[in-house]
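In TrEMBL this protein carries:
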{"type": "BINDING", "residues": "Gly170, Arg171, Ser172, Ile236", "note": "NADP(+) binding site"}
{"type": "DOMAIN", "residues": "17-125", "note": "domain 'Tetrahydrofolate dehydrogenase/cyclohydrolase catalytic'"}
{"type": "DOMAIN", "residues": "144-289", "note": "domain 'Tetrahydrofolate dehydrogenase/cyclohydrolase NAD(P)-binding'"}
Amino acid sequence: MTDGSSGGTVARPLPGPPAAAALLADAAARAARLASPPHLSIVRLGEDPASVSYVRGKDRKAREVGLHSTVYALPEDTSQADLLALVARLNADPDVNGILVQLPLPAHVSEQAVLHAIDPRKDVDGFHPVNVGELWAGRPVLAPCTPAGIMYMLGHYSIPVAGARAVIVGRSHIVGRPLAAMLLNAHATVTVAHSRTPDLGAVTREADLLFAAVGRVHLVTPDMVKPGATVVDVGINRVVGADGKAHLTGDVHPDVAAVAGALTPVPGGVGPLTIAQLLANTVTAAERQAAARL
Ligand SMILES: NC(=O)C1=CN([C@@H]2O[C@H](COP(=O)(O)OP(=O)(O)OC[C@H]3O[C@@H](n4cnc5c(N)ncnc54)[C@H](OP(=O)(O)O)[C@@H]3O)[C@@H](O)[C@H]2O)C=CC1
Ligand SMILES: Nc1nc(=O)c2c([nH]1)NC[C@@H]1CN(c3ccc(C(=O)N[C@@H](CCC(=O)O)C(=O)O)cc3)C=[N+]21
C-alpha cells in the first residue's frame, strides 16, 4: 500500500506470467478431456515484424499446451476474395475449432468484411458482431482475449472489481470497448475516456482501477493517478532506447509506481494473458462444438 507521498513506497507489481500459467494450466486440463486436441488456425497477411512475432508467440504457446495450431502466412497482396475463400474453407472444416485473422490487415482488405465472415462459433478473438452482442448483453461466450485476460489477471491477484470505480483510457474494438462491457458485467462503475475527453487527468484520478489502452508512450503520469489505485498498462510501444536498441514500453510512466497501489509491467504484464486467453477461448470453442455434435 502507498499513501501517494514521497515515502518511498512502491506499487505491488502484477506480473503476467504467473497468472497466464494458471489460465493455461486450466485450458490444458480442459483440452485433455476432449477426444482430440483443439485446433487453432491463425491467418496473417504480410510480414509486419510485430505481427510475425505475435503470431509466432501464439503458435508456439498453443503447441506447448497440447493444442494443434496451423499458421497461414499469406502474401501482403492477397486479395480480399482469396482471404474470404480461406475463411469459408476453415469455417466448413470440422477439424478446425478456432480461427484468428491477425490485425491490422492491409488497407485493400476490409477488416469488417473478414471479421463478419468468421463463423461466430469459431471466432476465438470474439470480434464477430454476434459475440460482441452477447458480451454486451451480459452473456459472454467467446470474448476478446486482451480484456478477458485482464479480467482473469484481476481475479488471479484478488483485486476487487464489484463496486470499484473503473476508468479505461481507449475505446478500441479490441481492448477498450469490450473491457468496458466486462467490467460492467463484473459490477464496476465504468467510465471510458478517449482522445476527445477534456481534462483526462481529472477523469483518471477518480479511478480505483485505471486501464491505459492507448498506444502512447508514458501518457499516464503520476499526477493522473489516485493514490493506491490499481493501474493496468495495456500499451505496447516500440521505442529506441539510449543504447540504440529497440525495446517495449507501456502507456504508463514508470514514476506511477510511487503513487499506485498495484501496477502491471510492460513487457511481462497483460501481453502473456492475451495469448493464454486466446488458447482458453480455443478450448471453449472446441468444447462447445463437441457438445453440439452429440
Ligand atoms: N498487451 C496486449 O496484449 C495488447 C496490447 N495492445 C496495445 O494497446 C494499445 C492500444 O491498442 P488499441 O486499443 O488496438 O489501439 P487503437 O489505436 O485502436 O485505440 C487507441 C485509443 O486510444 C485513444 N487515444 C489516443 N490518443 C489519446 C489521448 N491523447 N488521450 C486519450 N485517449 C487517446 C483513441 O481515441 P479515439 O477513439 O478518440 O481515436 C483510441 O480510442 C497499443 O499500444 C497496442 O499495441 C493492443 C492489443 C493487445
Ligand atoms: N486478431 C488479432 N487478435 C489479437 O489478439 C491481436 C491482433 N489481432 N493484433 C495485434 C494485437 C496485439 N496482441 C498482442 C499479443 C501478445 C503480446 C505479448 O505477448 N506481449 C509480450 C511481449 C512480446 C514481445 O516481446 O514482442 C509482453 O507484453 O510481455 C502483445 C500483444 C494481440 N493482438
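Glycine is no exception: its Cβ is also placed from the backbone N, Cα and C atoms.
Note that this is a predicted model, so its numbers are computed, not measured.
Taking Cβ-Cβ distances under 8 Å and a sequence separation of 6 or more, the neighbours of Ser172 (NADP(+) binding site) in its chain are Ala213. Within its own chain, Arg171 (NADP(+) binding site) has Arg177, Ala180, Val192, His194 as residues 6 or more apart in sequence whose C-beta sits under 8 angstroms from its own.
Neighbour density for Gly170 (NADP(+) binding site): within 10 A of its CB lie 24 other CB atoms from the protein chains shown.
For Ile236 (NADP(+) binding site), the same-chain residues 6+ apart in sequence whose C-beta sits under 8 angstroms from its C-beta are Gly215, Leu248, Gly250, Val266, Pro267, Gly271. Confidence for the domain 'Tetrahydrofolate dehydrogenase/cyclohydrolase catalytic' (17-125), expressed as mean pLDDT, is 97. With a cut-off of under 6 Å between the Cβ and any atom of ligand 2, the binding-site residues Gly170, Arg171, Ser172 reduce to an empty set. Within the domain 'Tetrahydrofolate dehydrogenase/cyclohydrolase catalytic' (17-125), the DSSP-based counts of helix, strand and coil residues read 55 helix, 19 strand, 35 coil.
Assigned with DSSP, the residues of the domain 'Tetrahydrofolate dehydrogenase/cyclohydrolase NAD(P)-binding' (144-289) fall into helix, strand and coil as follows: 55 helix, 30 strand, 61 coil.
Largest Cα to Cα distance within the recorded NADP(+) binders Gly170, Arg171, Ser172, Ile236: about 16 Å as a whole number.
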